[in-house]
Amino acid sequence: MGTAEDVFRKDLKIIHGYPMVYAFALGWEKIEEFQSRPCDIVIPTYPKSGTTWLSEIVDMVLNDGNVEKCKRDVITSKVPMLEQNVPGARRSGVELLKKTPSPRIIKTHLPIDLLPKSFWDNKCKMIYLARNGKDVAVSYYHFDLMNNIQPLPGTWEEYLEKFLAGNVAYGSWFDHVKSWWEKREGHPILFLYYEDLKKNPKKEIKKIANFLDKTLDEHTLERIVHHTSFEVMKDNPLVNYTHLPTEIMDHSKSPFMRKGVVGDWKNYFTMTQSEKFDAIYKKKLSGTTLEFCTDIQSA
């Protein structure tokens with residue numbers, strides 16, 4: 001079985017061509033064989049794109065904005081992460097999901113190619129939240145500083161080079177967002193932008209409710225907006241990941257919920273780094289209609 005320490009700060013493992021967290025790669029066949037249910041709601045995002053935020057919003061929408069119902073458990077139990085697996089420390093995502101009543105909300109960061117086939121066969125509804133890649137890189141760097149099941153990130157300069165090359169867990173941000181964007185044409189996928197959710201949360205939450213066939217009045221929408229605001233969630237121990245053991249996530253190095261803003265990348269990227277990112281973006285995503293906001297004033 002092993003212990004959690006056995007998987008701390010290990011190099012990534014390659015799964016079908018994608019770099020994966022070492023601990024999550026153990027027993028990968030359980031992920032591939034996972035059986036979805038037609039009523040499952042999947043939240044597939046690239047890491048550090050607002051996944052926990054969206055998870056809490058979806059849970060509140062399904063519970064008609066009932067705050068007390070949404071306090072029933074910690075977010076990692078309410079919305080299990082499919083590939084999560086830390087031997088000796090936590091029940092795996094697959095184990096949690098087997099015991100989760102329908103409708104299940106399932107979080108994952110898996111690239112399209114690694115998502116179990118059964119989700120496509122059952123035409124499960126999916127809500128993808130995309131965040132501008134520069135802010136993702138900064139947030140992911142700080143996350144890897146405090147998350148001991150990830151490899152050590154090195155310096156910011158070293159980490160950004162790995163991020164741009166796709167040599168981080170789950171691979172390239174560019175490829176991830178592009179593939180999920182293109183997949184929405186043939187599958188029930190609601191594609192949202194983190195920056196839009198920051199700018200007009202009520203409007204975006206209404207989109208989510210409509211997608212999930214839920215009718216919510218204005219008062220309920222406003223309650224969800226308040227309860228899922230960054231300020232409220234950052235202080236909520238049920239969702240800010242302080243419930244996890246310090247040996248897994250060390251919040252003294254960087255909090256799980258750090259800033260939640262648009263444009264923090266400007267505090268880290270040099271002009272040269274920004275130009276290099278832009279060049280890769282143009283090469284990989286210029287043929288799409290994806291439109292990311294990277295400026296805090298316009299978001």
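The chain as shown is numbered from 1 upward.
Glycine is no exception: its Cβ is also placed from the backbone N, Cα and C atoms.
Note that this is a predicted model, so its numbers are computed, not measured.
According to Swiss-Prot, the protein has these features:
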BINDING   48-53, R131, S139, Y194, 228-233, 258-260  3'-phosphoadenylyl sulfate binding site
BINDING   K107, T108, H109  substrate binding site
ACT_SITE  H109  active site, proton acceptor
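The structure, with features from Swiss-Prot marked on it.
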residue	record	DSSP class
K48	3'-phosphoadenylyl sulfate binding site	coil
K107	substrate binding site	strand
R131	3'-phosphoadenylyl sulfate binding site	coil
T228	3'-phosphoadenylyl sulfate binding site	coil
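Candidates K48, T51, R131, T228, E231 (binding-site residues) were compared with T108 (substrate binding site); those inside 10 Å Cα-Cα are T51. In the structure shown, across all protein chains, R131 is the one of the binding-site residues H109, R131 with the greatest number of other Cβ atoms within 10 Å. For the pair K107 (substrate binding site) and T51 (3'-phosphoadenylyl sulfate binding site), the Cα-Cα distance reads 8 Å. Same-chain residues that are not part of K107, T108, H109 yet have a Cβ within 8 Å of the Cβ center of the substrate site turn out to be I43, P44, T45, T51, M81, L82, E83, I106, L110. Non-local neighbourhood of T228 (3'-phosphoadenylyl sulfate binding site): W53, E56, I57, M60, P201, I205, each in the same chain, at least six residues away, with C-beta under 8 Å from its C-beta.
R131 (3'-phosphoadenylyl sulfate binding site) sits 13 Å from H109 (substrate binding site), taking the CA atoms of both as reference points.
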